[in-house]
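Noted in Swiss-Prot for the protein shown:
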TRANSMEM  21-43  transmembrane segment
TRANSMEM  63-85  transmembrane segment
TRANSMEM  90-112  transmembrane segment
TRANSMEM  116-138  transmembrane segment
TRANSMEM  151-173  transmembrane segment
TRANSMEM  193-210  transmembrane segment
TRANSMEM  239-261  transmembrane segment
Amino acid sequence: MQLPHYSQLKQQQCRRDRRSLALLLAFLVLTLVVSLCAGERWIWPTAWLDDAQQLFVWQLRLPRTLAVMLVGASLAMSGTVMQAVFDNPLAEPGLLGVANGAGVALVLTVLLGQGLLPVWVLSLSAIAGALLITFLLLHFARRHISNTRLLLIGIALGIICSAVMTWAVYFSTSLDLRQLMYWMMGGFSGIDWRHGWLMLTLLPLLLWLSRQGTVLNGLTLGEIQARQLGIPVYRWRTVLVLVMGVQVGLSVALAGIIAFIGLIIPHMLRLCGLTDQRYLLTGCALAGGGVLLLADTVARVALNSAELPIGVVTATQGSPWFIWLLLRNRL
C-alpha cells in the first residue's frame, strides 16, 4: 500500500512544481513587458510598432532587456550549481569571488592592452579569471574543509581581486579604465545588438545546464551516495565548474559584477517548495531573469538624471537575505 501512496505524492509534487514554473514564467513575461515599457518615456505595448517608438523599443530597450534576462538566469543557475558542487548553502558567484576573478582579469586586460583590444579578447579574459577562481575553490573543497572556511576563503579571494582592481584604477590615467570601474559596479548601459554574440553564447549553456537536474540531485546527496548511484563525480564536477565559469565570465563581460542573485534566488525557490533540481534549475532561470529585470528597471527609473549601478540595487536586496542565511545556518 505504500508504493501507490508514494506514487501519488510524487505526482502531486510534480504538479505543484509545474504550477510553480508556470507562475514564474508569467512573472518573467510581466517583468519583460514592464522593462520594455519603462524608461525616460513610458511606452505602452500598443505603441511599440509606431515609427516614432521603434528606435527606443527595438534598438535600445530590447537588447538590454534580453541581456538582463540572460545574465539573471545565468547567475541564479550558477548559484544553484555552486551550492550543489561545493555542498555549501551560501555559495554563489559574487560571494565566493568568482565574479571578482572575472572582473580583475578584465581590468588587467584593459590596462595591459591600453583599451585597444577587441571585445572578444576581454570576454575571454573574464572567462579565464572566473575559471581560475572557481578551480581554486574546487581544490579547497576537495580538501574537505568546513563550509565556513570555504566561505571565508571565497570572500578573501574576492577581497584580493577587488583590491587589485582598485589599485589598477587608482594608478591608471586611462579614462576607459575609470569608466570600466564604474561598470564593474554592475550595469547594462551601453548594451546593444553588437553584444548579441555574447548573448547567443550564453543561451546554449543555459539550456544545457537546465537539463542536468538529475546529476545535481545525485551530487546533493553527497559524494559517496552519488558514486553508488553510478555518477562519475569528479568528471561531472569538472564539467559543471567549466560551464559555470564560462557563464559567469560571459555575465561579467556583459554587465559587470552583480552580487547576491545567485544566493537569494535558489533559497527563495526552495523555501517555496521547489527542491527537485530538475525543476529548480529552470525555476532559477525564470526567477533570476525576472528579479534582475525588476532591479534593472528600478536602476533606470529611480533617478531622473542618472542611472543607478544595478549592483547597488541587488546588494541592497540581497544583504538582508545573506545575514538571515548566516543566522539560519549558524555559521
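Every residue gets a Cβ built from N, Cα and C, even glycine.
When the stretches 116-138, 193-210, 239-261 are ranked by Cβ pairs under 8 Å to the transmembrane segment (151-173), first place goes to 116-138. Below 8 A, the CB atoms of the transmembrane segment (239-261) and the transmembrane segment (21-43) form no more than two pairs separated by six or more positions in the chain, fewer than 3 in all. Within the chain carrying the transmembrane segment (63-85), a Cβ under 8 angstroms from the stretch's Cβ atoms is held by residues 28, 32, 35-36, 91-94, 96, 98, 138, 141, 188, 191-193, 195-196, 198-199, 202-203, 205-206, 209-210, 216, 219-220, 237, 240-241, 243-244, 247-248, 250-251, 254-255, 258, 261-263, 265-266, 277, 280-281, 284-293, 296, all 6 or more beyond its ends. Long-range neighbours of the transmembrane segment (21-43) within the same chain, counting only residues 6 or more positions beyond its ends whose Cβ lies under 8 Å from a Cβ of the stretch, are 53, 56-57, 61-62, 64-65, 68-69, 279, 282-283, 286-287, 289-291, 293-294, 296-297, 300-301.
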